[in-house]
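Q: This is the structure I have questions about; it appears just below.
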Amino acid sequence: SLGSKKLCGTNYPLSICFIVVNEFCERFSYYGMKALLTLYFVTYLKWDKDLSTAVYHAFSGLCYFTPILGAIIADSWLGKFRTIIYLSIVYVIGHVVKSVGAIPTVGNTDVHIALSMVGLILIAIGTGGIKPCVAAFGGDQFDEDERQKFFSIFYMSINAGSLLSTLITPVLRGDVKCFGGDCYALAFGVPAALMIVALVVFIAGSSLYKRNPPQGNILLQVCKCIGFAIKNRWRNSKHEPKRKHWLDWAEEKYSKRLIQEVKMVLRVLVLYIPLPMFWALFDQQVWVYKPKKTTFSQCVSVHYSRFWCIPVKDHRLKLSSHCPRQTESGQIVAHRMEDVKANSVHIAWQIPQYVLLTAGEVMFSITGLEFSYSQAPSNMKSVLQAGWLLTVAFGNVIVLIVAEGAGLEQWKEFVLFAGLLLGVCIIFSVMSVFYKYVEPENMDKINLEDTKEEDEGDGKKSSMMLDKTGKSTKL
């Protein structure tokens, strides 16, 4: 069949090519647009640095909170395939609206602001909504033996797309002139075109995909099951024998299979509670680049590029002593120009740091994607992927809280985050000891046994138990 076709010389399904290329193009479009966002706010929309930074962080946070929306839609109603297509269309519309808002001849400043905000909201819904679906949909195409390799390739496509886009789009903005100035319309238009390519490529592989249909409003069932268990336990715990798990109080109304699936999801989500601290520390990384003499726009551009950053306090934009000052009217006037002495520390000293950071990110992210997929019930794959992505969102929230509330010097912030992550590592290590890994290949078999027991009504205890053999986990 078409769905069983393999890539030449491998056991990978042919459909995976379309999914990986789709992810590469989507990440190119997202990071390419984001690399210019703050510079666009300051120099094109004439916003001050505080408003620009606030909107930038609000957009970034929204992109990592909306995955739960896409996961609910995918697992409950539309399925992953249709959810990816529909939300990709929303994504494309957002990019187009954002690009149109960057054309000077289209309306006045108020129109540009309105179009930009509408575009960003649509982009946040699109990119966040498809994030958990694409990863889980790719995992659906594989057997267990090959799945972990897929997540490695999948993550490589993410980084390849983000790397190329953050190198290319700033060049398009600065080196290409249109409408008498920097060509933001083109710089935003190229990511829009790549998102269209991503959508077309994904649709092109339609006949090759293995699809798992949605199984109703599973999240609503989960919430009702948890609510009934809490209510039933509160009412009857004093009069009835104690049960092994508090969710077992829902057995009077809900199937043992659903109860066990809820247990699985909650166990994983509890395990994820300490993980945002990893992303909080990871986001502290900066690359140092200080030109001798720069314009204001170059200072802004340097600070918010993904790979060239002036390491200023709290990740907030502020004028360096060698940057011109921007007046309230938006005019650029010379403030103070000076030569900056070369740093006495050779840049090569940063190589070991970034090797370790990269190694940590790769092991953490790829394993997290695979773990979230393998430990999720078949009808909640996207939901757990969204739960994994929420750790990134809450990591950003931690950064903002510490940056705003602590008021520490930069090096003290680094030490604080490193110390917190060390403590989190210890806590997570203890938590992982008590987590019993669920073997993915046994999950479907156990579900079938549970269903058979319930159909026969023999009253036997559910055989779907988490592995109690003490087998070590991959955590």
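Backbone N, Cα and C define each Cβ position, glycine as well.
Pulled the feature table from TrEMBL, pasting it below:
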type	residues	note
REGION	447-475	region 'Disordered'
TRANSMEM	54-73	transmembrane segment
TRANSMEM	85-107	transmembrane segment
TRANSMEM	113-138	transmembrane segment
TRANSMEM	150-172	transmembrane segment
TRANSMEM	184-205	transmembrane segment
TRANSMEM	264-282	transmembrane segment
TRANSMEM	351-371	transmembrane segment
TRANSMEM	383-402	transmembrane segment
TRANSMEM	414-435	transmembrane segment
Q: Residue list, the transmembrane segment (383-402) vs rest of chain: Cβ under 8 Å, 6 or more residues beyond ends.
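A: The answer is 57, 60-61, 64-65, 67-68, 70-72, 75, 128, 131-133, 135-136, 218-219, 265, 268-269, 272, 275-280, 282-284, 315, 368-369, 372-373, 375-376, 408, 413, 416-417.
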Q: Could you tell me whether the transmembrane segment (150-172) and the transmembrane segment (184-205) have 3+ CB pairs under 8 A, leaving out pairs under 6 positions apart?
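A: Yes, the transmembrane segment (184-205) and the transmembrane segment (150-172) are in contact.
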Q: Select the range from 54-73, 85-107, 113-138, 264-282 that forms the most Cβ-Cβ pairs under 8 Å with the transmembrane segment (351-371).
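A: It is 264-282 that shares the most Cβ pairs under 8 Å with the transmembrane segment (351-371).
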Q: With a Cβ cut-off under 8 Å, give me the same-chain residues at least six positions beyond the ends of the transmembrane segment (85-107) that come close to it.
A: 26, 29, 33, 40, 44, 70, 73, 78, 113-116, 118-127, 129-130, 133, 179-181, 184-185, 187-189, 191-192, 195-196, 198-199, 202-203
Q: When you scan the chain for residues with a C-beta under 8 Å from the transmembrane segment (264-282), skipping those not six or more beyond its ends, what do you find?
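A: Contacts of the transmembrane segment (264-282) (Cβ under 8 Å, skipping residues fewer than 6 from its ends): 222, 247, 357, 360-361, 364, 368, 371-372, 375-377, 380, 383-384, 387-388, 390-399, 402, 417-418, 420-421, 424, 427-428, 431-432, 435, 438, 466, 475.
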Q: Please report, as numbers and ranges, the same-chain residues at least 6 past the borders of the transmembrane segment (54-73) whose CB is under 8 Å from any CB of it.
A: 30, 34, 37-38, 41, 47, 83, 87, 120-121, 123-125, 127-133, 219, 304, 382-383, 385-387, 389-390, 392-393, 396-397, 400
